[in-house]
Amino acid sequence: MEGGIHTSTDTSAFKECLSLTWRNPYVLRLAFSAGIGGLLFGYDTGVISGALLYIRDDFKSVDRKTVLQESIVSMAVAGAIIGAAVGGWMNDRFGRRRVLLIADFLFFVGAVIMASAPGVALLIVGRIFIGLAVGMASMTSPLYISEASPAKIRGALVSTNGFLITGGQFLSYLINLAFTKAPGTWRWMVGVAGFPALLQFILMLLLPESPRWLYRKGREEAAKVILRKIYPAHEVEQEIQDLKESVEAEIKEEGSSEKMNIIKLLKTKAVRRGLTAGVGLQVFQQFVGINTVMYYSPTIVQLAGFASNRTALLLSLVTAGLNAFGSIVSIYFIDRTGRKKLLIISLIGVVVSLGVLSGVFHETTTHSPMVSRVETSHFSNITCPDYSSALNSGAWDCMTCLKASSPDCGFCSSPTNKLLPGACLISNNTVKDMCHKETRLWYTRGCPSKYGWLALIGLALYIIFFSPGMGSVPWIMNSEIYPLRFRGLCGGIAATANWISNLIVAQSFLSLTEAIGTSWTFLIFGVISVMALLFVIIYVPETKGLPIEEIEKMLEGRALHYKFWEKGNKPHAKSQAT
């Protein structure tokens, strides 16, 4: 990875990846074993979105208070911020393998606590344990894979981590659906997460430490043994020599192989530019709204006018499947098209998709069915109090009904057509059952709409465009853009920035939709996506096919490269073998 053969990857990177891993399955075993950390990341993101629907049914305080729903989601993110921050230091101090083992242990403990939680408080404690684990694994898994991958297929192999993230999300929706009728529903959903953590713990016990980290720590012979398993015989000696030169140059520059501080980091031009690109990508990855879609996709589906929990989960499964498919697309194109071009295409599609979503939700909220006094009076003694006392009750529609808060109210649709005027009633399980017995639909989070399917199309387009580019590339760039001596620390800083941004978005999304509406919320994400597009064009370099020491040299002297459609950064043939 720090040298070796580096030929053009424009047309054959994906075939090369398949060919090399077929000849040497050890590389693929390392990638997929470490990539289970991505699976845990993805599973937790997806499973909580479905489990939250049933947690609200079990704990009425959660159903009534948006802040508790956001806390259950975001406490895992808060834990991940700490996990990513500490994980960067731990990676450089104790090694990549040990950090993954610690993360697996924490994840398993968190899953057990959540599955057995008798109340909201212990559920949140379990979420914090899960978050610590996911924060560590989210930056360590791609780092381990990157350092155990030949340069010419590094992007494709690190993309397997992204595929396992999205695969974990898809798996979580399948499991959510499987347990919708089981006693304890959400407890099974969150408890199953302990099994992949246990599997990775066992696999990582059988795998070696990162060869780059070993060499950096002076354990040259152990590193050489692993490199000889990764590289063909005619390449490995050159690879070892390049790694040796890289480490010696770092030690000479630092004065000590262990000396590292934040001042030195920021004074290094390559690191400073790398951090600008790496941290910026991680922040924008969250602020274009992806995890609102993944955390709250069943809720978004209900906001679009689909009433039942099961229907919401089933339709959300489609978005998770598209996300996983997008990761496969990324594996194919990342070393073929290049990182930067993939980001540009991704963000253009995201901007268009968010515009569609904003428009659809505007139509949904402004054209909801009216409340009928006749339909409401059909149900005796359960009329929404705010509706009964309203002077302008004739102007009430479904959205007005759902905004009533003393007490909360729900909309019971017409039995003949959900788009016709319905009843505004007190919201509780008894009233919900009465509504269902008359073959009516019960709405509490969104209103019936003929535009609901357009919202699903908008969500699908968003995922299709986001996943191959903004979904995968930020993690790949952060695993390869920093010099070896700063890689753990910088990766930790970038991952921490990602999780802080994730927390801000997760903690504010439902509150934003309540305060300004879903339409304006998606419009804000769209504006931020335009800003992200400009950032990528100006600040993000192309690293396709470059060995890591060449990336460092390129960052030391690079000028701004606006013409992303031109082949700007061609792989350097530093060492050519025959």
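Even glycines carry a Cβ here, placed using N, Cα and C.
Quick look at what TrEMBL lists:
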DOMAIN    30-544  domain 'Major facilitator superfamily (MFS) profile'
TRANSMEM  30-55  transmembrane segment
TRANSMEM  67-87  transmembrane segment
TRANSMEM  99-118  transmembrane segment
TRANSMEM  124-145  transmembrane segment
TRANSMEM  157-179  transmembrane segment
TRANSMEM  185-207  transmembrane segment
TRANSMEM  274-297  transmembrane segment
TRANSMEM  312-335  transmembrane segment
TRANSMEM  342-361  transmembrane segment
TRANSMEM  451-477  transmembrane segment
TRANSMEM  489-510  transmembrane segment
TRANSMEM  522-540  transmembrane segment
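Taking pairs at least six residues apart, the transmembrane segment (522-540) and the transmembrane segment (312-335) share fewer than three Cβ pairs below 8 Å and do not count as touching.
Tertiary neighbourhood of the transmembrane segment (124-145): same-chain residues 30-31, 34-38, 40-41, 44, 48, 71-72, 75-88, 90-91, 96-97, 99-100, 102-107, 109-115, 117, 157-158, 160-161, 190, 193, 197, 210, 475-476, 478-479, 487-488, 491-492, 494-496, 498-499, selected by CB-CB distance under 8 Å and a gap of 6+ residues from either end.
Contact between the transmembrane segment (185-207) and the transmembrane segment (99-118) is present: at least three CB pairs lie under 8 Å, with pairs separated by 6 or more positions in sequence. Long-range neighbours of the transmembrane segment (342-361) within the same chain, counting only residues 6 or more positions beyond its ends whose Cβ lies under 8 Å from a Cβ of the stretch, are 281, 288-289, 303-304, 330, 333-334, 451, 454-455, 457-459, 461-462, 464-466, 468-471, 473, 517-520, 522-523, 525-526, 529-530, 532-533, 536-537, 540, 564.
The list of residues near the transmembrane segment (157-179) in space but at least 6 beyond its ends in sequence, with Cβ under 8 angstroms from a Cβ of it, reads 17, 27-28, 31-32, 34-47, 49-51, 141-142, 145-146, 149, 185-186, 188-189, 192, 196, 294, 310, 313-314, 316-317, 320-321, 323-324, 326-328, 330-331, 334, 467, 471-472, 475-476, 479-480. Mean pLDDT, taken over the domain 'Major facilitator superfamily (MFS) profile' (30-544), works out to 84 on the 0 to 100 scale.
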